[in-house]
Amino acid sequence: MASNGHVNGGENFELCKKSADPLNWEMAAESLRGSHLDEVKKMVSEFRKPMVKLGGESLTVAQVAAIAVRDKSANGVKVELSEEARAGVKASSDWVMDSMNKGTDSYGVTTGFGATSHRRTKNGGALQKELIRFLNAGVFGNGTETSHTLPHSATRAAMLVRINTLLQGYSGIRFEILEAITKLINSNITPCLPLRGTITASGDLVPLSYIAGLLTGRPNSKAVGPNGETLNAEEAFRVAGVNGGFFELQPKEGLALVNGTAVGSGMASMVLFDSNILAVMSEVLSAIFAEVMNGKPEFTDHLTHKLKHHPGQIEAAAIMEHILDGSSYVKAAQKLHEMDPLQKPKQDRYALRTSPQWLGPQIEVIRAATKMIEREINSVNDNPLIDVSRNKALHGGNFQGTPIGVSMDNARLALASIGKLMFAQFSELVNDYYNNGLPSNLTASRNPSLDYGFKGAEIAMASYCSELQFLANPVTNHVQSAEQHNQDVNSLGLISARKTAEAVDILKLMSSTYLVALCQAIDLRHLEENLKNAVKNTVSQVAKRTLTMGANGELHPARFCEKELLRIVDREYLFAYADDPCSCNYPLMQKLRQVLVDHAMNNGESEKNVNSSIFQKIGAFEDELKAVLPKEVESARAALESGNPAIPNRITECRSYPLYRFVRKELGTELLTGEKVRSPGEECDKVFTAMCNGQIIDPMLECLKSWNGAPLPIC
């Protein structure tokens, strides 16, 4: 018996057995067992393995993504075909030839194609050759990697998926052709496919015909070599070590190569690998946002989310809860809220407080789409299907790529929703009306009039978000009847996958810009803490020197003002006055004076005595403060800039630290100020590049390495 259940000339006992899960619902449900984070960790592990062994039924999204992008020889992934599949593949190929020789009438073997399948021929080989010729209808423009050429990574993904389908032995193709495609992949030889021209039903006919064109040596076929060089078919075969010359297609083999969903599902696999990473990133960034915004962590309390029942929401909240649990920022914010409960609203705004409720459904959608595509890349999706065991060809429609179109539309909408949340959080972060004491635009210079910080980045974020929201519109409701109304409904799977790839790219732009802004906010909180410490110490010392003693050495009633003066320093936002702390136009000096005035008004009869008058002390207090405070503030800032701050950065005590450390230390980004030359875009570029090449994954997962997969107990 062959691995696909075929018995040459006999019955298929495997498929005749009664299944405990005949409709596959239990299998689909079982695939969602466990946490999304564990699934992402597994995907990352699979992505990094050096070998993908194809057998037809166990290919994963991560493996497709690995073959697609890890194509450099130093870090390449190799493909190996299961020898167990050879017999089944040969059985279906032999069946087609026997059927042809017996005169059996089969679609695409003895008939024409689609709406013209009423035509008949006995010249099966020539029919396959014509199939590839007329499907070579794509337009490239000039070059091999133009705006009209499918990205080579997507082509590699398509080649892998198509091999996996054909290995299952229901397609009537020789094993040697699958070996040749495998050699092309392993040698980094990538056929050039047109970007457009497929409706993914009947499969991705037009782009897949260019892979077949290379295999058959068509003169218009091109490929790209390991170093980006352009190759014709002969050169591609030589570099890949494919011996024996070009393939003369036997009956059904051309149809087997082109009549499937591999291009759409291959690109969808790449898109979903990135989408899952970005979904986890959005959870981590939301937690960091809560930290730098002095957020109230109760929004992650498990009872709230348990009562809502949705698993994506429960997991998102639990992940944020884990990062915030024990956070130094949360502890400091709690003291702040207790000291002055009216300083900020009782509840945080929706972008923070409802982030688990917002992200949860998006994670569920992305996870469901991933499972749908994994089923698709392990499916047999051409037509007709060769059932050797029952000695028949089945004429159906597995080439209809609806799972791709639907899952990609859904995933793209989820990505747009994640981007919308990021933009809402970013907008709060840079706005000093909402960000709980951070400077407007996250400016960090001594002179805010010459530093506009992330203003340009916010405009860019609005642009990204607008384009992302546009891309959220569905593709699948734009179906046109095609091929003389034979293909009157079609999935548009690859088009939707391409649009989702664009959405992923834009969400990476948003995520990288947002992460740079969060790191800026972390450093501003560090600066704030050090400068406020300097202000507090200076006010305390000046108060002791000027308010404690009277002119004759007696204790002065003004000494009782110190505690309230320090409370003013604690409550006043540092960046509201930091550029000129003694300015009478800024709130610090105004409120310090008001404390002394209020005490003087309550000083009663003592105020009439010059020696005990608090009013008489105000001038001396303010004069000395003006002489000392600006120098102390500058000294504290200089100490921080030289790496010797009085108070260390709180982020080092937080579970979110690995991501901050990566951005600052490994990528070499820095606090952005108007005093320096470096622009926000330069720093965002570094993070974006790290996201695109996968460097960001490990520090992101390190933030969650101690999470046990469950919320904190309710007690």
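In case you wondered, yes, glycine gets a Cβ from its N, Cα and C as well.
DSSP classifies Tyr107 (active site, proton donor/acceptor) as coil under the three-state reduction. In this view, Tyr107 (active site, proton donor/acceptor) is surrounded by 16 other Cβ atoms within 10 Å of its Cβ, with every protein chain counted. According to Swiss-Prot, the feature active site, proton donor/acceptor maps to Tyr107.
Annotated (E)-cinnamate binding site per Swiss-Prot: Asn259, Gln347, Arg353, Asn383, Lys455, Glu483, Asn486, in sequence order, evidence recorded as similarity to another entry. Sequence-distant neighbours of Asn383 ((E)-cinnamate binding site): residues of the same chain at least 6 apart with a C-beta under 8 Å from its C-beta are Tyr107, Gly108, Ser202, Leu255, Asn259, His395, Gly396, Gly397, Asn398, Phe399. In the three-state DSSP reading, Asn383 ((E)-cinnamate binding site) counts as coil.
The 2,3-didehydroalanine (Ser) feature in Swiss-Prot is assigned to Ser202.
Taking a C-beta cut-off of under 8 Å and a sequence gap of six or more, Gln347 ((E)-cinnamate binding site) has these contacts in its own chain: Lys296, Arg353. DSSP assigns Arg353 ((E)-cinnamate binding site) to a helical segment in the three-state reduction.
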